[in-house]
Each structure stands twice: as structure tokens, then as C-alpha cells.
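A.B. asks: Sharing a structure here in C-alpha cells format.
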Amino acid sequence: MEKISVAVRFRPPNPAAADSPPAGAGDREWRIDDTRVTLHHRAVGPVPGGPFVFDHVFDGAATNERVYGTVVRDLIGAVVDGFNATAFAYGQTSSGKTFTMNGSDVDPGIIPRAVRDVFDTVRQTDDREFLIRVSYMEIYNEDINDLLLLEGRKLPIKENLERGVYVAGLREEIVNSEEQVFELLQLGEENRHFGETNMNARSSRSHTIFRMVIESSAKNQTDSGDPIRVSVLNLVDLAGSERHNKTGAEGVRLNEAGHINRSLLMLGNVINKLSENGKQRGHIPYRDSKLTRILQPALGGNAKTSIICTAAPEEMHIEETRGTLKFASRAKCVSNCAQVNEILTDAALLKKQKREIEELRKKLQGSHSEVLEQVVLKLRNDMHKSELERDRLAMELEEERKLRMRLENHLTEQQKKLEGLDNTSISADQFTDLIQLDALKTPDSKYKPDGFVARRSRYSDDTDFSPIPENLDNIADDDLWTRLNKGCVTDLDMLEMTPGLKRETSFIQDATSAAPLEEPTDARCERLEKDCISVRQQLEESNVRCAALEKECALLRDKNSSLQQELSDSKREANLLVAEKQAQLDDSIARCVVLERELSMSRQDAERLVTEKQELAGELGVERQKMEELKQDIRVISRAFSQREGQLTSLYTKSKAILENCKASHVATLP
């Protein structure tokens, strides 16, 4: 048993996020070291709840190269050696999952680095021969789409003993270089579903699974019974969980978010069940979601698994980050049982193709090696496509068989209903029995067309029975009848009998009652011949009636089928109208969203202009106040300068007078 490797990666703060304060401006922050994450309050200290401890924790400065080398690189060697491996990114929307998996031109992500390492490891393994095929799919609104095809066909999930859980009809390409894989990845990214929300300009709207199937066998093996190693590498980019009040999703985006959150909830339920104690663990709901169904081997199964949980450092995302860390803590308790996958049967594609390839190599030994490899690769792809086509045809044949069985059951039910309708008609034997039964009935005394109504003119409620007379004679007169009925006289004119069937002359009636005992033989033969003719005519009439009823049933059946066809056409037209109206509604919602976004931007611009105007008005007031202060200072300085000028003028006058006095006294003292 081996624990799932769990790492947590915090992306750098996003200063461009709407309505988010700068990083470090809130009261709470996440403290990160190598294996520990703790929520701190700046004034109080650590927030209650304890630290979260994982295998690895990366801060916003970590690169994809560091994350890959620490978490995923060891999985590549295990996959080449025959172990199944899975790595996937989990977290809220806009937390950096797609960047972690795909990366950029400057800093490639886990998927391109893993592809390069797979081929580098294969080239360095000299003692084994490898066959690599890749596929790329997405789960969009709980429908599986093949990203390498433009058909848009929804693919089902199947399971058997040889392949386990797999997606039927998924295109797989055999490759022999990383450049071919990158071309397929680029094609898949073009077909992938993306959308714009308030939190991310290019938000993933589906879960994507990039899969590499690696088959290997020992080189120069002569025994066809040698095992073939078949391993699977799954690289999963999950769509992010999101809240409507933050993303502002509406219409199609809101429907997508509902499916995404539901599948992630089912993934969380599976992790919760797997993290429980073995005795307390109940049913694991892998089948509740297609995501968990496909990832079933990676969750508690035969695989080495690494989970990278991405988180946002901003304070506004603390609750979502806390939920991601709790999910990572539960996932850290899950154990897998990974083992080398070796196949002894011919189920491995490499074993099926090896004999043909060896013969082809011998025939093309003198050709150039590059041409040989291209021809081999093309033939491998053609053979694999034929295998996939055979599987697809087998699947369609099975569906046709099920459909035929349903149609046969439906036809049997319809035949039973028709037989029930036919049984309601009178057959020839039943018709003869009715005639014979009618011949044995007592004839009616009075024929009335409808109903049975009996009314008495007088009614006595004394007793429920009549007294038995003391003396009974052989003749019942009127007086005895009156005494037996307690004086109640029946009004025979108001008595209506049950209508009798029309009596027909039959062979039994004539033979038992009408025929005399000493009837001559010739007369009796003539009478019996007439009776046979009449019975034959009655049988013919009954056959005509049966044929008419059968035609009526056929007409009803045709009418029913036509009505069902009209109903199906009406449903189809209704579905088309609903789809058209839904498309129009989605377009209207999208236009409304765009208009609301433009209106919001206009309001923000107006508010910004008002704020700038207020700021400019405040600055203008400050400048005016400074100007007034400068004018006041100039007045004070001018006043002081005038006073100083007057003082200087008076000093100059005094000094001039003193100088003149000095000159005069000096002149006077001269001889």
C-alpha cells in the first residue's frame, strides 16, 4: 500500500483581480514553509484550527520546473517500468491549475515536461521495445467528448476484465516522438471548452484528461508467451470550483458551473469514503460521476497518484482556500496498491502487431531507417484504427441487438393485445354454442326491449317472509296466493322481464322437442341437410364477421402507428422549437451580460471621473489657499520693506549731515 502524494501550490498575488485589496493589506494571511500551511491573524497570531501539513508546499515564487521535478518526475520512471500513474490539479477557479498542467512557452507545465521525459526515458531504455499511443478527452456538462475529433459524439464508459474501465470509441494515436504528441495536444486545446468569467478571462469549463498508454516488451524475445507490460499515464486538468456571487456566471456559464461543482462534489465524496477507516468505510460512489468513474483506478486502485492542489493567497479567497486544503488533507489519507501490469494474452496491441512488424522490417531492411520508421508507424496506426473500428462496430452491433430485442418484445405485446381484441369477437364455435344454449332456454312470456324494472303497487314492511298456510290443496286459488303474499298484489302490467336473445332454430331443439318420435327417415335426412346448410351459412357469416374485425384491427393498428409517428414528429418539432428558443434565450442572456458589463464599466468610469473631479477641486482649493497665503506674505514683506527703506533713508540723511559736520570742523581746524 502506498499513500497518495499531495502537494499544495499558492499562486502569486493577482493585483488585477476585481474588488481585491493589495496582497498583505488584510488582517489575515497564509504563512507557508516547506510542508506546512498556517492561517495567521496579524494582531492575534495563528488562527484556531491547526496547521495543514502536506508532502510539499510551494509559494508564489515556485516555477513549474520545480513543481514537476518534486511531484511528478518520479511517476514517469514508474510508468515506463509498467506502473499506472495519475497526476491532476485541483482547486478553485483562477488558482493556476491550467498553468500548472500546461504552462507557457517560457515555463512549460507538467504535461509537456512529462511527454518529453517519457520519450527521453524510452530512448535510454535499451533492453525493451515500446509502443506509445495517446488520447485526449474532456468531460463537459457530464458528457465525454473526444478532443482529437470534430464529430462531437458523446462517448460511453465501458468496463471489461481485460481493459478495466475505459471510454468506448475514444480515438488513440500511435506516436513515436514528442513533436507528434504536441501537435495532437494543440489540436485538442483548440477543441476544448473555455469561457470568460469575472474571475478569469479564459476559464476552463470542462475537465480534461490527457492519457498515454505505454506498452513494452523485451527486445529479441522468441517466446510468444512472454508478458507485455501495459501502463497508463493520466494527466488531468480539472475545472475549478466557483461561486456565482464571485464569477457572475449566468445562462450557459451558470449551467456549466453547476455541472463542474457537482462532479467536484462527487470527487470529494469519493475521497471522504476512501479516507475513512476500513471497518467504517461503506460503498464508494465511483459511478455517481463520470470523472470519478474514469479516475477509479487512480483513487484507491492500481496506480501511483499525485495531487497538486492550487490555492489563491488573497484574503477574499480564504474560505475557498481553506476548503481546498481540507480536501488535500483528506486525500493524503488515501492509499493505493500499485503493481506492474503484465499481460500474457494477445490483448496487448504490441503483441498483436509484433509479428507483422518483424516481417515488414525484414522486407524493408535495405531501405532508409527514417522511411522504415514512418512506414511502421503508419501501419501501426492503421492497424490500431482497424481495432478501434472493430470495437466500435461491435458496440453498435450490441446496441442494434438490444434495440431489436426491445422491438420484438414490443411486437409480442402488441400481438397479445391484438389477440385479446380478436378474442372479444365471436368465433364460429362460440356462435354455434350460443345457438344451442339459446335453444335450451325457457321462452320469455313477455318481450321487453330494455332493462329490468319491477314495481309493486303496495308494499308491506311487517316481515321478511310469508306465513305458511295451514291447509294446502292441490289447486292454488286467488285467496291462497293473497294469504301467501300478505295481501301484496303484483301489478303484472308493470313487470318487465330481462330481454331474451333472439331465438334461432337449431339442430338440438328440432331433434329433441320439435321432431316427432316416429319421423320418416327421408324427411329426417332432408331436415338434417337443411339444418347443416343453415349452420354452414352461420359459420360463413361468422367468418365474414371475423374478417371484418381483423380488418378493423389492422386499420386501428395503422391509425395507432400513424398517430405515434405524428406524436414523435410533434415532439421532434417541439424539441427543435425549444432548442431554438433556448438558443435565442442564451443569445439574449449573453447580450444582456455584455450590456451589463459595459454598463458597469461605464458606471465605474463615471465614478472614476467624479472622483477625479473631486480630487482636482480639492487640489484647486488647496492651491488657492496657498496663493492667498503667498499674497499675504508678499503684503507683509512689502510693508516691512517700506519700513526698512524709510529707516535707511533717515540713516542716510543723518550720516550725510554728520559727514558734512565733520568736513566743516576739519576745514576749521586747518591753519
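The first residue you see is number 1, and the count goes up from there.
In case you wondered, yes, glycine gets a Cβ from its N, Cα and C as well.
Under the heading ATP binding site, TrEMBL lists Gly91, Gln92, Thr93, Ser94, Ser95, Gly96, Lys97, Thr98. Sequence annotations record features per position, and here TrEMBL assigns coiled coil to 340-424, 525-633. Summarising the annotation, TrEMBL assigns domain 'Kinesin motor' to 3-334.
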A.B. asks: With Cβ-Cβ distance below 8 Å and at least 6 positions apart along the chain, what are the contacts of Gly91 (ATP binding site)? List them in sequence order.
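C.D. replies: Non-local contacts for Gly91 (ATP binding site): Lys97, Leu238, Gly240, Ser241, Cys309, Thr310, Ala311, Thr324.
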A.B. asks: Give the residue from the binding-site residues Gln92, Thr93, Ser94, Ser95, Thr98 that has the most other Cβ atoms within 10 Å of its Cβ, counting over every protein chain displayed.
C.D. replies: Ser95
A.B. asks: When you measure from the Cβ of Gly96 (ATP binding site), how many other Cβ atoms are you left with inside 10 Å?
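C.D. replies: For Gly96 (ATP binding site), the count of other Cβ atoms within 10 Å is 22.
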A.B. asks: Let me check the 10 A CB neighbour count of Lys97 (ATP binding site). How many other CB atoms are there?
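C.D. replies: Other Cβ atoms found within 10 Å: 26.
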A.B. asks: I'm checking region-level scores; what's the whole-number mean pLDDT for the domain 'Kinesin motor' (3-334)?
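C.D. replies: Looking only at the domain 'Kinesin motor' (3-334), pLDDT averages out to 85.
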